[in-house]
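Engineer: Swiss-Prot lists these features:
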type	residues	note
TOPO_DOM	1-226	topological domain 'Cytoplasmic'
REGION	1-173	region 'Disordered'
COMPBIAS	1-119	compositional bias 'Basic and acidic residues'
COMPBIAS	129-143	compositional bias 'Pro residues'
COMPBIAS	145-160	compositional bias 'Basic and acidic residues'
DOMAIN	193-386	domain 'MARVEL'
TRANSMEM	227-247	transmembrane segment
TOPO_DOM	248-271	topological domain 'Extracellular'
TRANSMEM	272-292	transmembrane segment
TOPO_DOM	293-300	topological domain 'Cytoplasmic'
TRANSMEM	301-321	transmembrane segment
TOPO_DOM	322-360	topological domain 'Extracellular'
TRANSMEM	361-381	transmembrane segment
TOPO_DOM	382-401	topological domain 'Cytoplasmic'
Amino acid sequence: MEDPSGAREPRARPRERDPGRRPHPDQGRTHDRPRDRPGDPRRKRSSDGNRRRDGDRDPERDQERDGNRDRNRDRERERERERDPDRGPRRDTHRDAGPRAGEHGVWEKPRQSRTRDGARGLTWDAAAPPGPAPWEAPEPPQPQRKGDPGRRRPESEPPSERYLPSTPRPGREEVEYYQSEAEGLLECHKCKYLCTGRACCQMLEVLLNLLILACSSVSYSSTGGYTGITSLGGIYYYQFGGAYSGFDGADGEKAQQLDVQFYQLKLPMVTVAMACSGALTALCCLFVAMGVLRVPWHCPLLLVTEGLLDMLIAGGYIPALYFYFHYLSAAYGSPVCKERQALYQSKGYSGFGCSFHGADIGAGIFAALGIVVFALGAVLAIKGYRKVRKLKEKPAEMFEF
């Protein structure tokens, strides 16, 4: 501190050493443990630089301990290779720096002399079995033996195979792929068309036209004319009273003439009905075949043509039904039909009336259903054409007819 006058206080002087004091005898001496003193047998060190803590160790015991440690290390590496057989030898530089005690070997080449992508040279550890080369085909999977206690594949599970990539890499994984089971008839690429709406309409059109053809053929098959038992008439006459023995002489000849005249009245309309139904059946079968072969995909204008034809057919069924029943009603209302009916009723037969029978009515019903089915087919064909044009512009999408 400074006094008010500004004079600095003098610093305290150190205390002077006592000249009569005697120094301590162990002042400059380092204190060593008894075993660290010169001449102590426990002061000896082992070959690895660690001090021995007991006087019973010798170099042979140290060498045996080092050998046990190396064997334990080898067992650990063998366990690692068993867990991961595709893994190569471990590159432990601090472990493989030199040969083990009691072993002789050739040192590895320096890293500078190795190629960049080449395989590593032999090391002191045993190398794992090498994998297949990139140019070699992978080995096929081995079949499982009967006595193998491995996992059994359930019967419903599809057959599978395993594929190993050809390029060996650490941690390589097995790729497992499945083969699909045998597909059904409609699962193939082309037959899938039969499950679409257009194909169902086309097959229904085929069925309806076949039924119309069958109904029309009933009237066409009756060749007409009286047939006695000795002449063995057709099945139609046996069922509807054509084969009988009630007429003889003039009545039999008159019945034969009336049958031929009535048959000639119905023949034109029945023939036209059979021809039209047969032609439509063939046309619908052609459309189904083209759909299975995917012809409309390559030529979309065929879909437009199909749609127009379906609309024309659906519209043509209406006047066809009118003319069909008009001509049939004219034939059933003719004097020939009435005289024929009276002749057969006089002999007790009632199957020759002047009215529409079941085959004529069935043909009309199937034709009416055909109008609806063909109209629906025309709509689906136009929609299919629009979708094909859209897919032609965007081929990434997929559409099945």
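A Cβ is built for glycine as well, from the same backbone N, Cα and C atoms used for every other residue.
How about a rundown of where these features are and what they're close to?
Structural biologist: Averaged across the domain 'MARVEL' (193-386), pLDDT in this predicted model comes to 84.
Counting same-chain residues at least six beyond the ends of the transmembrane segment (272-292), those with a Cβ under 8 angstroms from any Cβ of the stretch are 190-191, 193-194, 196, 198-199, 202-203, 205-206, 209-210, 212-213, 216-217, 220, 302, 306, 309, 313, 320, 324, 363, 370, 401.
Residues 276, 280, 283, 287, 290, 295, 364, 367-368, 370-372, 374-375, 377-379, 381-382, 384-385, 388 of the same chain, all 6+ positions outside the transmembrane segment (301-321), place their C-beta atoms under 8 angstroms from a C-beta of that stretch.
Note: the topological domain 'Extracellular' (322-360) comprises 26 helix, 0 strand, 13 coil (DSSP; helix = H, G, I, strand = E, B).
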Engineer: Mind tallying the topological domain 'Cytoplasmic' (293-300) by DSSP state, helix then strand then coil?
Structural biologist: 4 helix, 0 strand, 4 coil
Engineer: For the topological domain 'Extracellular' (248-271), give the DSSP counts of helix residues, strand residues and coil residues.
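Structural biologist: The topological domain 'Extracellular' (248-271) comes out at 22 helix, 0 strand, 2 coil.
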